[in-house]
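Structure, as structure tokens:
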Amino acid sequence: MVLDLDLFRVDKGGDPALIRETQEKRFKDPGLVDQLVKADSEWRRCRFRADNLNKLKNLCSKTIGEKMKKKEPVEDDESVPENVLNFDDLTADALANLKVSQIKKVRLLIDEAILKCDAERIKLEAERFENLREIGNLLHPSVPISNDEDADNKVERIWGDCTVRKKYSHVDLVVMVDGFEGEKGAVVAGSRGYFLKGVLVFLEQALIQYALRTLGSRGYTPIYTPFFMRKEVMQEVAQLSQFDEELYKVIGKGSEKSDDNSYDEKYLIATSEQPIAALHRDEWLRPEDLPIKYAGLSTCFRQEVGSHGRDTRGIFRVHQFEKIEQFVYSSPHDNKSWEMFEEMITTAEEFYQSLGIPYHIVNIVSGSLNHAASKKLDLEAWFPGSGAFRELVSCSNCTDYQARRLRIRYGQTKKMMDKVEFVHMLNATMCATTRTICAILENYQTEKGITVPEKLKEFMPPGLQELIPFVKPAPIDQEPSKKQKKQHEGSKKKAAARDVALESRLQNMEVTDA
């Protein structure tokens with residue numbers, strides 16, 4: 001995931017100041033731009049020198065051939081005049097004045113210079129790339145500039161009644177319908193581990209089927225993705241920080257051969273966006289085939305580093321969940337990708353409207369965008385039991401930022417175009433099932449249970465098409481209040497004190513009797 005290097009090159013029409021400004025608006029280090037420009041300038045000089053050295057090497061070989069044809073003596077003289085050692089000014093005439101043995105020596109020296117130049121070029125290329133991959137995409141003009149998403153995310157629109165309050169939160173409701181095993185899940189899988197069971201398994205499958213049907217009717221091709229990716233491919237779709245904060249590493253045998261002792265490093269996917277982004281890696285996509293729209297279905301795995309203490313109960317924020325994703329490859333021309341961006345968020349909105357989930361759409365501030373996103377809109381549902389908006393959907397246009405690293409090009413072949421262009425890539429959540437279940441539970445709770453949303457009834461089994469009944473008490477109703485806890489602790493202390501006093505009196509009585 002990177003920007004076009006020509007954007008940093010003034011002689012190619014680029015504007016480093018614009019990228020520096022983008023970094024500042026993202027509240028990231030603008031000095032990376034200057035470091036990249038410096039490394040790139042030195043790299044280009046190094047490559048120019050290497051090209052000239054290779055030309056000189058070929059000239060040496062050609063001159064030797066001409067002299068051999070003339071049957072000039074080879075001799076053993078390998079001394080090289082000082083003026084010839086300055087390869088930048090070496091000419092064909094200067095070489096012609098040398099003996100064959102001297103030219104051979106010059107060619108060897110040129111070989112050494114080429115090797116040295118190549119080593120320097122590789123070093124500069126690595127330095128340039130280290131800076132390039134940490135510089136974010138150019139921002140869309142409509143992105144709010146701020147580093148505080150809690151205060152400055154811009155609400156674009158609201159749908160439904162986002163003021164209504166209800167009694168229970170999803171943390172209690174998943175227990176009340178007996179659809180969740182949290183403590184046992186944590187024993188088996190660790191923190192945030194869970195078993196989804198019974199009615200919530202049916203509700204999850206209903207959401208998956210309804211989401212896939214909805215996207216299928218809009219021209220999306222359903223696709224079930226791999227759950228893990230090779231390290232070198234994941235590096236092309238994920239930014240560096242994700243490897244530390246989000247992705248799980250999987251170590252396995254290098255091959256299926258029993259005598260193979262090598263090991264292979266893979267990463268579990270955090271979203272189906274990652275493998276779908278790599279689906280057309282190293283391909284040319286024809287204009288007439290675009291847009292290509294995929295409805296990705298996968299299990300997702302996230303470490304959630306940095307989320308310590310947040311949403312530790314229930315199924316809203318977990319390490320493993322199912323998700324249906326919109327993913328689109330679009331033309332880079334005529335504002336097509338931005339039209340698609342609006343279409344994708346609209347598709348998500350219509351899905352949640354059909355489920356009767358109130359929400360608002362927020363334009364995410366620049367400081368909270370990942371490197372790839374030029375703009376991101378979130379759909380945050382209203383949770384009436386929790387009294388809060390919670391994110392269900394993220395919709396991003398990454399323009400050509402991802403495609404450039406993956407080498408997914410637009411058009412026929414390089415020969416047909418003046419300059420290689422790259423497709424635009426967009427992604428949007430359709431339904432992260434556990435989060436959507438939480439939203440449904442809170443919005444559709446009644447005194448007796450959870451009313452099944454109209455659109456999901458046909459996907460639910462007999463007996464659960466109208467109402468998911470409560471079969472257990474709410475945990476919050478079983479927990480003693482702080483006052484009750486304090487009174488109970490006080491009573492325990494008083495009782496303990498009485499026991500000590502009684503024991504003391506009994507001992508005194510025994511002494512007196514004796």
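Cβ atoms are placed via backbone N, Cα and C, with glycine included.
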Record-annotated L-serine site (Swiss-Prot): member among Asn370, Asn397, Asn427 besides Thr271, Arg302, Glu325:
Asn427
At a 10 Å cut-off from the C-beta of Leu392 (ATP binding site), count the other C-beta atoms across all protein chains.
23
For Thr429 (site 'Important for serine binding'), which residues of its chain lie six or more apart in sequence with Cβ-Cβ distance below 8 Å?
Lys323, Ile324, Glu325, Gln326, Ala348, Leu379, Leu392, Val393, Ser394, Cys395
In whole Å, could you give the widest CA to CA gap in the ATP site formed by Arg302, Gln303, Glu304, Val318, His319, Gln320, Phe321, Glu391, Leu392, Val393, Ser394?
19
In sequence order, which residues at least six apart in the same chain have a CB under 8 Å from the CB of Arg302 (ATP binding site)?
Glu246, Leu247, Ala270, His319
Using DSSP reduced to three states, classify Arg302 (ATP binding site) as helix, strand or coil.
coil
Residues of the region 'Interaction with tRNA' (9-61) by DSSP state, where helix covers H, G and I:
44 helix, 0 strand, 9 coil
DSSP-derived structure type at Phe321 (ATP binding site), helix or strand or else coil:
strand
Check each residue in the chain of Phe321 (ATP binding site) that is at least six apart in sequence and keep those whose C-beta is under 8 Å from its C-beta; list them in sequence order.
Thr299, Cys300, Ile315, Ala432, Thr433, Thr434, Arg435
